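Here TrEMBL flags TYR54 as active site, proton donor. What TrEMBL lists as substrate binding site is HIS123. Residues or ranges marked as domain 'NADP-dependent oxidoreductase' in TrEMBL: 27-274. If you look up TrEMBL, you'll see LYS79 marked as site 'Lowers pKa of active site Tyr'.
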Amino acid sequence: MSRLTIESTVDLHTGRKIPRLGFGSGNLRDQIGVDAVEHAIKTGYLMVDTAQQYQNEREVGTGIAKSGVPRNQIFICTKWQPRPDGSTERPTPERVCQEAHQSVLRLDQSGSGKEYLDLMLIHHPRPDSDGRAAHWKGLALAQKEGWVKDIGVSNFNIKHLEALPGPLPAVNQLELHPWCQQREVVDYCTKKGIVLQAFCPLVRIRKDKFEDPVVVRIAKKHEKGVAHILLRWSLQKGFVPIPKTSSAERIEANKDLYDFELDSEDMEELDGLDQGAAGRVSGIDPAHLPD
């Protein structure tokens with residue numbers, strides 16, 4: 001394995017690149033969100049993940065602007081939000097594109113008027129195949145207009161991916177950690193060249209997970225914290241983890257991943273923790289949706 005650093009990237013099948021480590025901003029709002037994003041970027045993170053659902057795109061944009069780091073050195077990912085379960089509204093591709101563009105306006109807190117998105121995802125595969133196709137065509141339209149560089153999906157299973165019209169998604173963002181490895185969809189995406197972003201890579205600091213004897217033992221072996229082991233596992237699996245925290249101390253600690261490597265025995269033990277759907281901590285499992 002080539003040596004990983006905070007500057008390491010993964011090639012997207014479109015020819016562009018995505019940083020190997022991101023900063024998650026889910027539910028970090030108001031000044032807490034601004035400060036967390038600003039600190040993360042100043043500390044060396046090169047990617048920030050947000051979403052319309054988080055209601056913090058303005059805070060993310062402000063944090064990026066306050067960091068002083070040039071916009072072209074930061075990779076911004078956000079997500080368009082489908083209608084809630086049970087809604088009868090069916091937005092057209094044109095409507096999806098218009099709503100997606102609102103994210104650009106919210107993120108442009110530098111006042112440049114030239115904001116763009118490096119990556120935009122569909123946050124969830126609801127409601128059904130026709131809805132997903134319309135949503136995807138909307139993001140493809142945004143990409144064609146030029147203010148979105150790459151487009152992808154989140155929480156999509158194989159059946160959802162197979163039914164999409166072109167183009168092929170650049171990214172699928174999933175809950176991925178040793179207890180929820182989603183191996184079938186991971187294998188599918190890997191074969192297709194779809195990069196996998198990992199949300200909840202730190203299992204929301206769940207006590208039962210962080211005190212798992214396997215993870216604790218490996219952490220002691222490497223003289224690292226449990227969070228380091230989980231994030232390093234994600235990196236070595238080829239994923240793009242996006243840990244979230246508002247703590248300046250943890251923001252810095254979560255990127256301290258590059259002075260050690262998990263060996264094959266470590267990886268095998270961590271792989272053995274997989275609990276399938278039962279291991280989820282996000283509560284998001286779209287398997288019930290229509291094909």
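Please read every residue number as a count from 1 along the shown chain.
Glycine residues also receive a Cβ, built from the backbone N, Cα and C atoms like all the rest.
A Cα-Cα distance of 9 Å separates LYS79 (site 'Lowers pKa of active site Tyr') from TYR54 (active site, proton donor). Per-residue confidence over the domain 'NADP-dependent oxidoreductase' (27-274) averages out at a pLDDT of 97.
If you draw a 10 Å sphere around the CB of the residue listed as 'active site, proton donor', it holds 22 other CB atoms from the protein chains shown. Distance from the CA of HIS123 (substrate binding site) to the CA of TYR54 (active site, proton donor) is 11 Å. Note on the recorded positions LYS79, HIS123: the fewest other CB atoms within 10 A surround the CB of HIS123. Classification of TYR54 (active site, proton donor) by DSSP places it within a helix. According to DSSP, the residue listed as 'substrate binding site' is assigned to coil rather than to any helix or strand.
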